[in-house]
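Database features (TrEMBL):
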- 47-153: region 'Disordered' (REGION)
- 53-63: compositional bias 'Basic and acidic residues' (COMPBIAS)
- 87-96: compositional bias 'Basic residues' (COMPBIAS)
- 116-125: compositional bias 'Acidic residues' (COMPBIAS)
- 134-152: compositional bias 'Acidic residues' (COMPBIAS)
- 269-557: domain 'SAM-dependent MTase RsmB/NOP-type' (DOMAIN)
- Cys361, Ser362, Ala363, Pro364, Gly365, Gly366, Lys367, Asp385, Asp430: S-adenosyl-L-methionine binding site (BINDING)
- Cys487: active site, nucleophile (ACT_SITE)
- 571-714: region 'Disordered' (REGION)
- 587-598: compositional bias 'Acidic residues' (COMPBIAS)
- 646-657: compositional bias 'Basic residues' (COMPBIAS)
- 676-693: compositional bias 'Basic residues' (COMPBIAS)
- 701-714: compositional bias 'Basic residues' (COMPBIAS)
Amino acid sequence: MFITRIFSARISNLVFLNFILIDSKRNDANLVSREMAIQKKKKVAAAAVAAPEDPKKAVKRPVEASAPTPKKKKKVVVKNGGDVSAKKKKVVKKVKKVTEEEEEPVEKEVSKLQLLDDDDEEGLDGLDFTQQEGSDDDDLRDDYSDDDDDDLPIEKKSAALDKKKEKILKEGEEELQLNIANQATFELPSVEEIENEMKSVPNLEIIKQRIADVIQVLGDFKNRRDPAKSRTQYVEVLKKDLCSQYGYNDYLMGKFMDLFPNGAELLEFLEANDNPRPVTIRANSLKVKRRDLAKNLINRGMNVDPAAEWTKVGLVVYDSQVPVGATPEYLAGHYMIQGLNSLLPVMALAPQPGDRVLDMCSAPGGKTSHIAALMKNSGTLFANDASFDRCRAIIGNLHRLGVNNAVVCNLGGEEFSKIKPNGFDRILLDAPCSGTGVIWKDQSVKTSKDSQDVQRRHTVQRQLILSALDSLDANSPNGGYLVYSTCSVLVEENEAVVNFLLERRHCELVPTGLAIGVDGYTRFRDYRFHPSLSMTKRYYPHVHNIDGFYVAKIKKLSNAKMSKQAVLEMEKEKASAKSQKKKQAAEEAEDSEEESGDEEKAQNGKANGKAEAGKKKNKKKGGDDSDDDEDVETAPMKNIGSGARANKKRRNQKKAAAKQAAVKEDDGFNTVGNVKRAKKPTQFKSKVPKRAAARTGAKSVKNRRKKMLAKQQP
């Protein structure tokens, strides 16, 4: 509208200028005719001097050729209002004969005069404004004459009109920029003034206009800023106005402003949070097909359509003559009232028939029933929730929808890593969050969420995701996948939690397989995340027309409770331990050969010792004989397990070091680490009979007692 007004103003100005130029043109024509008359008189006088013989003829000849006297009479007639057209044509013809020897510019001026004279025939109504000198259409005439002769006249004229149009547009743009530059600068109020306004009843129109002005200034801050104000002051004023306009607290509004630095996008997000999402349902494929369900609901008086191209079970309900949650189809379990965002994590999980699946936070059972439908009621499905009251809703929905392979649990999510470690193929963790993606459902989120609440949620989410990964089996043929999802848009509850898991466990992120969504953050203000977090998906209400959501899919690579770097170091240690075991096996083989020779000698010495002991039994000198017997009978014990005890000691030291390393990598649950224990090596068995060793020990004790008694006697 603004440009059209400019064009209309320009056209009116051109018409006015043309009228002015016509008058000036007439005056210029009169001046030209007077100058031509003076030149003719001079030429007539010169001709009279050159021919003195016949002065009468000399005077008559120029009169016949130029006729200056009749011209004066014609001028008088023009002033008196006589016939203008015929008389001026004769004058122009005579002027052309006289001025053949003059320069070309004069001829051009005369031709212009002729055009003006021709226009005077029809008066003011017959004027052709495109032919006036000094008007904006001179360029059109020049372009028309300068073009190639090969072009048609209509082509020449159209090209000239195009150039004229470009010129008008250029002038309009220049005027627009001039108007923008001349606009009054926006005066930013102080934060104290805004706070004083908030104490009284705020004027929403003024606040809305100030928000638009501040966003406009921040969009071109270099040119539109107030030199006395900084960007921080503008941002603070904008935050205060947005909080009063939409009803958020300062903390949450600051988070949203960091998330959406573009002011227009921020306003779209805030507006979308106040508008409800469309009502959607999910067809239960265990009982009915979506096509048949849609026909039945249309017959009931509902207006339904397929929800989106990326889902095969979703339907959108535009309007209904009956309540959506009270139809016979709903009571029969043909569909579940469910948002489109809750279909995304189950699609990313992609459970297979026969898998062992855990839904760690499953209430009220929408995602659980969707998983059971994809598994075709096969395998084992555990539906868990920490709230007993919410478990009742799970049981009711599973019975209504015809789910037969589910087990409902009422446990804390942290318990599964202790009860059943490495016991599931796939796990879905829809963690409890602040709910910043579903503000339209609960408006209290705008004022109830602060930094402490978000921090508490962040801590619980980290504990749950570690427990969920520890409950997965990395060696599962089809599984080992964990899907983490939240109905929040805050980075602290999404990318920060997944990055924490990548640092603590041996796992990696894989593509979610979802057709829509915005890539997750790898850099956000002060945060620096793993580059693979770009494979996660974010969803916004103003972009996808669904609730704010986040989905990440994780693959478990090892059952060890340690980070990827620790696992690599452990593998290196295992490789070095294997090489050492090979060396030790070779050394033990050599030692065994030597031990076999020593054992033969020990057996011979034992037989000789027994014979000598039998002989010495008859002697009465027990003290000396006892010492000799002790030395003889304990001699075989010195050769028992040569080198084996030292090797066992080394192995025990390595085990202790491994346990200490596992304790250092503790996950916060005071667990030692789920590391597979190696098989115990065969223990050393003494070849000396236990009874012989016992007798030897009893004899030595008896002899020591005898010696002590002998010393005590006087």
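Positions of Cβ are set from backbone N, Cα and C atoms, glycine also.
The binding-site residues listed here (Cys361, Ala363, Gly365, Lys367, Asp430) include Asp430 as those with a Cα within 10 A of the Cα of Cys487 (active site, nucleophile). Neighbour density for Cys361 (S-adenosyl-L-methionine binding site): within 10 A of its CB lie 20 other CB atoms from the protein chains shown. Assigned with DSSP, the residues of the compositional bias 'Basic residues' (646-657) fall into helix, strand and coil as follows: 12 helix, 0 strand, 0 coil.
Using the Cβ center of Cys361, Ser362, Ala363, Pro364, Gly365, Gly366, Lys367, Asp385, Asp430 for S-adenosyl-L-methionine, the list of other same-chain residues with Cβ within 8 Å runs, in sequence order, Asp359, Thr368, Ala383, Arg390, Ile394. Residues Cys361, Ser362, Ala363, Pro364, Gly365, Gly366, Lys367, Asp385, Asp430, recorded as contacting S-adenosyl-L-methionine, have a largest CA-CA distance of 13 Å. Taking a C-beta cut-off of under 8 Å and a sequence gap of six or more, Ala363 (S-adenosyl-L-methionine binding site) has these contacts in its own chain: Asp385, Ser387, Arg390, Cys391, Ala393, Ile394. Listed in sequence order, Ala383, Ala393, Ile394, Gly396, Asn397, Leu398, Leu401 are the same-chain residues six or more apart from Gly365 (S-adenosyl-L-methionine binding site) with CB atoms under 8 A from its CB. If you average pLDDT over the domain 'SAM-dependent MTase RsmB/NOP-type' (269-557) in this model, you get 93. Secondary structure of the compositional bias 'Basic residues' (701-714), assigned with DSSP and counted as helix (H, G, I), strand (E, B) and coil, comes to 12 helix, 0 strand, 2 coil.
Within 10 Å of the C-beta of Lys367 (S-adenosyl-L-methionine binding site) there are 26 other C-beta atoms, taking all protein chains into account. Sequence-distant neighbours of Asp430 (S-adenosyl-L-methionine binding site) (same chain, six or more apart, CB under 8 Å from its CB) are Ser342, Pro345, Asp359, Met360, Cys361, Ser362, Lys367, Ser485, Thr486, Cys487, listed in sequence order.
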